[in-house]
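Enquirer: Can you read through this structure? Questions will come right after.
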Amino acid sequence: MMAIPGSRSSSTTSTNKGTCSVCIKAVKWVPVLFILSIVVWSYYAFVVQLCIITIESTIQKVIYLVVYHLLFFMFIWAYFQTIFTNIGQVPSQFKLPEGELERLTHAETEEMQNAILERFSQNLPNRNRTINGNVRYCEKCKHVKPDRSHHCSVCGECVLKMDHHCPWVNNCVCFTNYKFFILFLGYALLYCLFISMTSVQYFITFWRGGLEGMGRFHILFLFFVAVMFAISLASLFFYHIYLVSVNRTTLEAFRSPVFYHGPDRDGFNLGRRKNFMQVFGENPKLWLVPVFTTSVDGVIYPVRAQPPSSSYHTMENSQTSLGDGTAFDKRPSTEDMEELLYEINYEDE
């Protein structure tokens, strides 16, 4: 059989790429494995060295172990939910059909490209724009970006209501797992605070020379690690509680989302109660449970009523309000846009 020229080299290249991809995926799990190793060690140090070996009072042992395991369970549950919850996908109606994609690729000017995207997105529930007032389009995923979505270079796709990519969970923190992430931070903080408060007296005893054996070193490091993690977690947890209260993502905190009327950092702010319920749902019994209760679909987000601005569009493109503070933008429609669309259609014929 005659060998196909270059087949071996292409096969080798494909194999190398596959090996590199596997290695990269494996490396991404290193931070998660580090956190889990710390958690496993802390379990041994607290349960075995502190509660079983060091503490003498049976009642104190039982109380400590019951509270500890409750916090431990909720912390691990929320952590795994944050890690393994799928980031979701952009709905298919946002993806350009082959015909529209072909026209977009061969459009001669940026104005023609914008006209094609404007025409395609007329029936999409989008209010966010680029800084230039154009339709937000992802050239890598070949679709119009839903509101609050961004392309994650690590995940390699657009993510709904992307907050940030977190290496400690090897996942994007976004629409599908944002509640889990906040609960993970909250329960991890309580976990560390509980360990710190219950081990501090034995930490003091250690310094006074009252503890003997190798177990004292476990208790010493347990206290230090718990305090350090508590400080770090507290700053993250309260920052994200603030972001929930103003209905803002980490990305939106650094760069304000742009609407038809212009940039507005509080464009999605509906008030603290509505903002909180948008993430945690309407059932108070499930607010502290790591199950999905978010009240929106990840694509359509209500916005607050705002005065129109002439910096991006004219007065005819102002918002329509439902009377409850929630507003929906009217889409721009100008004669220039119609002329561009007519020109494109005529050229295609």
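Glycine is no exception: its Cβ is also placed from the backbone N, Cα and C atoms.
The feature domain 'Palmitoyltransferase DHHC' is assigned by TrEMBL to 134-255. The transmembrane segment annotation in TrEMBL covers 32-55, 62-80, 180-207, 219-242.
What does the local environment look like for each feature on the list?
Expert: When Cβ-Cβ distances below 8 Å are used as the criterion, the transmembrane segment (32-55) is approached by residues 61, 64-65, 68, 72, 76, 79, 83, 168-170, 195, 198-199, 202, 211, 215, 218-219, 221-222, 225-226 of the same chain, each at least six residues removed from its ends.
Beyond its flanks by at least six residues, the transmembrane segment (180-207) meets 42, 46, 50, 54, 64, 67-68, 71-72, 74-75, 78-79, 81-82, 85, 163, 166, 169, 173, 216, 219-220, 222-223, 226-227, 229-230, 233-234, 236-237, 240-241, 244, 279, 288, 290 of its own chain at Cβ-Cβ distances under 8 Å.
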Enquirer: So which residues does the transmembrane segment (62-80) touch in its own chain, when a touch means Cβ under 8 Å and the partner is 6 or more beyond its ends?
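Expert: Residues 35, 39, 43, 46-47, 50-51, 55, 169, 180-181, 183-184, 186-188, 190-191, 194-195, 198, 288, 290.
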Enquirer: For the domain 'Palmitoyltransferase DHHC' (134-255), DSSP counts of helix, strand and coil?
Expert: 66 helix, 16 strand, 40 coil
Enquirer: State the mean pLDDT for the domain 'Palmitoyltransferase DHHC' (134-255).
Expert: 93
